[in-house]
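Asker: Take this structure, written in C-alpha cells, and hold onto it; I'll ask about it next.
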Amino acid sequence: MNSIKFPVLDRTTKNSVISTTLNDLSNWSRLSSLWPLLYGTSCCFIEFASLIGSRFDFDRYGLVPRSSPRQADLILTAGTVTMKMAPSLVRLYEQMPEPKYVIAMGACTITGGMFSTDSYSTVRGVDKLIPVDVYLPGCPPKPEAVIDAITKLRKKIAREIYKDQIRPQQGNRCFTTTHKFFVVRSTHTGNYDQELLYPPSSTSEISTETFFKYKSPVSSHELVN
C-alpha cells in the first residue's frame with residue numbers, strides 16, 4: 001500500500017496572518033450581534049413568543065431584544081400602523097444609531113392589509129414612513145420565515161460597503177388623512193406640523209380682512225350691480 005504523505009505545513013509569517021479590510025471586519029462584527037427593537041401593534045407580533053421559546057431560540061443568532069431605540073440597530077415592525085401611531089414609529093427610527101435596519105413583518109405592515117381597503121386611518125405600507133431593508137409577507141409569517149428574513153439581512157450586512165451605509169439625508173415625511181405625504185422638518189422634538197395633519201378648509205384660508213377691505217360702507221345695491 002502506498003503511504004499517504006501529508007504536505008509539510010508552512011509556518012512562515014506570510015501564511016499565519018489573516019488579511020482583511022476594515023469594512024469586512026466591521027460587517028463581520030455586526031453579523032452576530034443584532035439588537036432588535038420589537039415594534040408590534042397587531043396579531044403578527046404573537047409569533048415572537050414562539051421565537052423566544054426553546055424550539056426556535058432566536059438567541060442563537062445573537063439577537064438581543066432591546067426596549068430602547070438608542071440601544072438597537074434593528075427594528076421589526078409587525079402589525080397595522082395607523083396614522084396616530086406613525087409619528088411614534090418615525091421618532092423611534094430616528095433615535096436609533098447608524099447603521100440601522102428595518103424588517104417589515106406581515107401583510108398589514110407591508111401594504112396595510114385588509115384594514116387599508118376602506119379605512120382612512122391606516123398607513124398603506126410602513127415604507128412610506130421609514131426605509132425597509134427586508135419584506136416578510138404573511139398573515140402571520142411563521143417563525144421559520146422570521147429566521148429566514150434575519151438570515152437574509154445578515155447576508156446583506158456582509159456585502160455592505162461603508163460608503164453605502166452613509167445614507168443621504170432625506171426629509172422626514174408627514175401624512176394627511178388622504179394619504180398624501182409631505183416633506184417636513186425633523187421630528188426629534190416630537191412635535192408634528194398640525195397644519196399638514198389637518199389641512200385647513202378652503203373657507204378658513206380666506207382671511208377676515210378680505211371681507212372688510214372696503215374703507216367706506218357699500219350698499220348691497222352697489223355690490224349687486
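Cβ atoms are placed via backbone N, Cα and C, with glycine included.
Since the structure is predicted, the reported quantities are computational estimates derived from the model, not experimental observations.
Pulled the feature table from Swiss-Prot, pasting it below:
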{"type": "BINDING", "residues": "Cys43, Cys44, Cys108, Cys139", "note": "[4Fe-4S] cluster binding site"}
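How buried are these features, and what lies next to them?
Answerer: For Cys108 ([4Fe-4S] cluster binding site), other Cβ atoms within 10 Å of its Cβ number 27.
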Asker: Just checking, which of Cys43, Cys44, Cys139 (binding-site residues) has the fewest C-beta atoms within 10 Å of its C-beta?
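Answerer: Checked Cys43, Cys44, Cys139; of these binding-site residues, fewest Cβ neighbours within 10 Å: Cys139.
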Asker: Enumerate the residues of the same chain, Cys43, Cys44, Cys108, Cys139 excluded, that satisfy the criterion Cβ within 8 A of the mean position of the Cβ atoms of the recorded [4Fe-4S] cluster site; list them in sequence order.
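Answerer: Here the nearby residues are Ser42, Ala78, Gly79, Thr80, Gly106, Ala107, Thr109, Gly113, Gly138, Pro140.
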